[in-house]
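Here TrEMBL flags A:21-43, A:63-80, A:92-108, A:114-134, A:146-168, A:195-216, A:237-258, A:278-303, A:315-334 as transmembrane segment.
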Amino acid sequence: MSWRLQRVPTVPAGAALIGRIGAIVLALACVAAVLALAGSAPARLGAEVIGSAFGSVAGLEDLGLLVTPLILTGIAVALTQRIGLWNIGGEGQFNAGALAATAVGLNLGGDEVWMLPLMALAGAAGGAAWILVPTLARALAGVSELITTLLLNFVAALLVAWLCTGAWRDPSGQALATTARIPTELPPLGDTLHWGFPASVAVAILAAGLLAYTRFGYEVRIAGANPGAALYAGIPVRARIVAVMLLSGAVAGLAGMIELTGTVHRLQGGISNNYGYLGIMVAVLARGSCLGVIAGAVLMAALLNAGIVLQTQGVTTSTVLAITGLILLFTAIGDELVHYRPVRRTGTVG
Amino acid sequence: MELITGILSTALLAGGVLALAALGEVLAERVGVVNLGVEGLMSLGALTGIATVAAAPSPVLGFAAALGVGFAFGCVFAAATVLLRANQVLCGLALTLLGSGLAATLGRSYAGAPAAASFPRVVVPGLSEIPVLGPALFSQNLLIYAIYIALPVGLHLLLFKTRHGLNLRAVGENPAAADAAGIPVTAIRFWYVALGSSLAGGAGAYLTLAFVPSWSEGVVAGRGWIAVALVIFAGFRPLTAVAAALLFGVVTALGFVGQARGWPVAPAILSMLPYLGTVAFIILPVVAWRRLRGWFAAPAALGLPYHRDVR
Amino acid sequence: MGVPRALPPGTAAEAAPGYPPGTPALVELQGITKAFPGVLANDAVDLTVMPGEIHALLGENGAGKSTLMNILTGIYQPDAGTIILDGYARPLPSPQAAIAAGIGMVHQHFKLVPAFTVAENIHLGWSQTPRHASASALEARTRALAERFNLAVRPEAVVGDLSAGEQQRVEILRVLARDARLLILDEPTAVLTPAEARELFSALRTFRASGNAVIFISHKLDEVVAIADRISVLRGGRKVATRSAAGADERSLAALMVGHDITLRRTRRRAPGTPVSAAPVLELDRVSARDDRGLPALREVTLALHGGEILGIAGVAGNGQRELSQVVTGMRPVAQGTVRIDGRPVARPDAAAFAAAGIGHIPEDRLRSGLAPDLSVTDNAVLRDYAGPRIGRGGLFRPWEAARLARTLAADAAVAVPDFGMPIRNLSGGNQQRLVARREIRVAGRVLVAAYPSRGLDVGAIDTLLSYLAELRDQGRAVLLFSEELEEILTLADRVAVLFAGRIMGVMPAAEADVETLGLMMGGRDGRA
């Protein structure tokens with residue numbers, strides 16, 4: 001009598017969720033073990049981290065500031081996942097959106113009511129413009145969007161850094177590598193939090209509704225799940241790919257605009273703070289579900305927040321990136337392992 | 001003349017980094033595995049090289065240690081993607097985040113300082129006096145000859161002129177057919193992915209021990225991704241991969257030389273050249289040379305996990 | 001080598017008369033059991049193959065034939081049971097072990113690398129391939145092998161460019177080159193013309209004559225009786241019988257295969273006086289089209305399909321059937337010529353518009369193009385109706401209306417669906433196919449294009465499905481039926497067209513057609529000559 005593992009093609013949602021949680025716990029356990037070996041007390045640090053994020057209104061507001069961009073960059077990735085593609089250029093589209101919003105804000109600046117919508121529009125357009133070339137290359141020539149979207153991240157970062165230290169540098173001379181403060185701001189919601197937070201939650205809900213309750217969403221689902229079936233049903237796959245990718249870029253660009261007008265208020269190098277890359281993680285944790293992205297963003301924000309709290313312990317944003325990588329690796333492995341069931345090898349029957 | 005020598009000399013170094021990493025990726029993709037963790041592996045290799053020479057000032061030792069670290073992390077990646085058959089894109093992104101983050105965290109004490117030892121230039125007597133080309137080609141570190149000649153030629157012969165190469169290409173084209181023909185698919189995938197990762201680690205060390213030579217956070221700066229793109233541009237072949245790497249070395253060198261000589265182009269724009277060039281070069285062949293699509297075709301099973309005992 | 005068994009496998013000689021007692025079987029399988037999620041694919045199967053025999057393995061789709069052979073070739077590991085070769089128990093843990101033991105298989109879906117040349121494919125994973133394997137050396141060796149085994153192949157040709165019949169020769173050559181003593185062929189004639197099949201049979205008899213054995217997997221009764229020495233029948237994962245082919249009759253074999261007496265193929269002739277529409281509902285006028293690689297696949301095809309008739313398309317797979325079925329359903333653009341629906345030329349191909357015009361399509365590969373296996377039963381059920389007024393009015397998608405339609409379809413198709421939100425891949429293959437068929441019949445107000453509708457179904461389900469087609473015809477709709485089984489076409493269709501190399505070789509009334517003429521036309525010869 002022996003056992004063997006058998007792979008089943010589909011996994012019930014409950015088992016998949018357990019796989020996710022297991023992966024996260026295992027990754028954090030690895031981190032705790034490393035911290036313990038390095039002489040820290042993981043339990044105490046953990047309590048400190050959780051207390052700082054969830055223990056006070058101020059902590060929750062700070063968390064909300066991190067959640068806001070992560071929801072949007074997560075949605076950007078989740079949207080493309082639905083049509084079977086990866087937008088890993090969220091970082092660049094975030095920068096491009098912030099840059100376009102800055103251009104509008106610095107040049108037309110004021111507190112008129114139409115400024116914010118105009119800047120949001122500019123941000124979305126900037127993000128969409130940044131993904132335009134990868135989109136057309138993918139839809140028309142079949143060039144993998146993975147690498148094209150990613151490479152443009154570096155270009156966007158260089159572009160922002162160049163403008164902030166050059167043509168757009170703060171003329172007052174106080175700051176070396178940022179633009180002047182942008183007069184238009186998102187209205188506050190509490191002490192530090194702003195209306196960008198509910199706006200990003202609304203975007204997530206809208207995206208979920210778009211996918212679940214429109215013909216467009218249905219066609220995207222079919223095209224993503226089986227392009228052959230889409231061809232068979234007469235769904236214009238290329239047009240849907242273009243629409244989804246541009247939308248994805250626009251949402252990431254909007255994230256840049258919200259971060260700019262809500263939190264940072266000046267364009268500066270590194271404004272994207274890896275949110276674009278972390279959005280991949282958020283979408284993966286959410287299994288491509290747009291509402292799940294909200295939960296994934298909270299988790300990711302808590303992790304980022306831990307990085308900030310633990311700075312005295314030698315933890316940096318890079319450390320958080322490394323931990324994110326570890327969780328992602330375990331999640332990918334866990335996603336595959338939940339497909340396996342132990343089966344007993346029986347003796348000869350009959 | 002001096003300008004061309006300068007460009008070529010820098011191009012060989014910059015291209016060497018890309019060539020090593022691209023050769024590693026050729027190996028992984030030829031057996032059907034996309035390794036998007038090259039960027040992370042290079043970061044780890046870059047730090048390993050610097051840290052090793054800080055402890056024992058031998059660039060060879062530093063390079064070897066980076067190969068070892070690349071191999072070790074490659075084994076982790078291969079275990080996840082080949083043995084456990086987890087999603088290759090996700091695992092690659094995870095490895096990139098993990099490697100870059102880990103290297104940046106552990107490398108803070110080395111940041112900014114020059115490498116304690118670097119690969120010395122060896123001036124080949126006589127040949128190095130050839131005008132223009134001589135100083136560029138024959139006043140380099142010795143590793144460069146391995147990267148541009150020995151390794152790609154060796155890999156080309158292995159892939160296209162031997163029985164083993166035939167078998168390993170079959171694994172990347174059609175693992176089910178290879179399996180039915182008695183080729184050990186899993187073992188071949190595992191070891192070549194690990195070997196390819198090892199080269200990526202070496203590429204990182206070559207960056208910090210020969211090209212830059214120092215460590216700073218973000219020193220790899222997307223070179224891992226460019227290497228992945230080069231493999232596509234090079235049609236998954238070692239010889240063309242190295243040639244393409246040299247081409248990108250020239251593009252990078254143009255940026256450096258332009259900055260040094262004060263060309264009337266913003267340095268930031270020059271720095272963008274390699275990235276924009278890469279995007280252009282992976283789109284152009286598909287658009288411009290549709291007839292050559294077969295030549296550029298990826299291994300048919302690229303990115304697909306292979307399950308034997310499943311239906 | 002394995003452990004010698006205490007007793008010689010006397011059962012083998014008993015089961016195969018004509019061998020001296022004590023002759024060890026070439027292969028003996030004992031109690032082989034193998035389970036997959038939800039299916040017991042093999043249940044304690046015993047099978048004995050003697051040297052010098054052609055042993056046919058007969059069974060319906062899903063009877064467990066392929067699984068059993070995958071175990072014998074080391075690809076799958078059995079959950080229980082023993083494999084005995086030449087009287088020695090030997091586990092076959094890998095394909096290498098099976099090849100070393102002299103077992104070679106030609107799979108139904110060829111295990112070749114399309115991007116490689118014939119020579120490269122022959123030498124894959126072979127210990128006798130020279131270590132330094134240049135293209136010219138491999139081609140020279142392949143030429144020598146082709147001569148030795150008398151199999152015509154072009155060593156330098158890229159396998160992806162070859163016809164299915166040529167690819168089969170490459171597979172057989174590869175197996176023979178490795179000194180196989182047992183050759184397993186899985187549905188080998190599916191891709192062959194009748195003439196090519198006869199050539200294959202004579203090659204197999206030569207192979208048998210030198211003391212080797214063949215396992216011949218098929219579901220075609222007539223050819224099994226013609227070629228085999230003994231026949232084993234599998235049903236539902238169990239072996240139900242082994243018979244000598246001499247004196248076996250097709251009807252009793254069919255009954256063994258299905259498990260109950262069946263009447264072999266009811267003819268469904270049209271009721272006399274059923275009207276055929278005067279004007280064609282769907283017309284192709286000198287239509288040419290290219291395949292996915294841009295090569296010509298249809299050449300000047302002219303066909304007219306009338307309401308109230310079934311037009312059967314016969315031909316060996318890969319002669320343009322796929323492209324033809326896609327052209328008449330709006331999935332593939334035409335390079336030249338005109339497609340007319342109800343006499344009106346179609347401006348541009350649009351699968352959704354064709355469906356809306358009343359052309360349903362049961363596609364060749366249900367899972368690859370007719371369904372999205374990872375999406376829910378509901379999502380799949382509404383693939384033709386999501387844009388319609390009930391579900392899709394105003395650009396929206398109403399999941400509750402979609403679910404209602406899905407329930408209706410499932411009820412019509414007599415498929416029990418426990419949860420309409422679960423991925424459709426959780427349904428059995430037969431049930432998925434029934435849902436697709438029902439969905440397409442529902443939209444087929446004018447024409448139903450049915451590509452290989454019986455493929456993958458058991459006999460009972462085939463019977464139901466074919467009667468649907470006859471019903472549609474009797475209601476005055478047109479049916480375009482693609483099939484690789486001439487018998488199916490001849491019993492069901494009113495007219496038959498033969499497709500060869502992208503051309504229509506001829507169209508004739510089914511009542512006047514005979515298998516011999518059709519066979520000639522399928523091989524590219526003019527049947528009338």
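Just so you know, the numbers here start at 1 and follow the chain as drawn.
Placement of Cβ uses the backbone N, Cα and C atoms for every residue, glycine included.
Looking at which of A:63-80, A:146-168, A:278-303 has the most CB pairs under 8 Å to the transmembrane segment (A:92-108), the answer is the stretch A:146-168. Between the transmembrane segment (A:237-258) and the transmembrane segment (A:114-134) there are 3 or more Cβ pairs closer than 8 Å, counting only residues 6 or more apart in sequence, so the two stretches are in contact.
Relative to the transmembrane segment (A:315-334), the listed stretch A:278-303 leads the set A:63-80, A:146-168, A:278-303 in CB pairs under 8 A.
Contact between the transmembrane segment (A:63-80) and the transmembrane segment (A:278-303) is supported: at least 3 Cβ pairs lie under 8 Å, counting only residues 6 or more apart in sequence.
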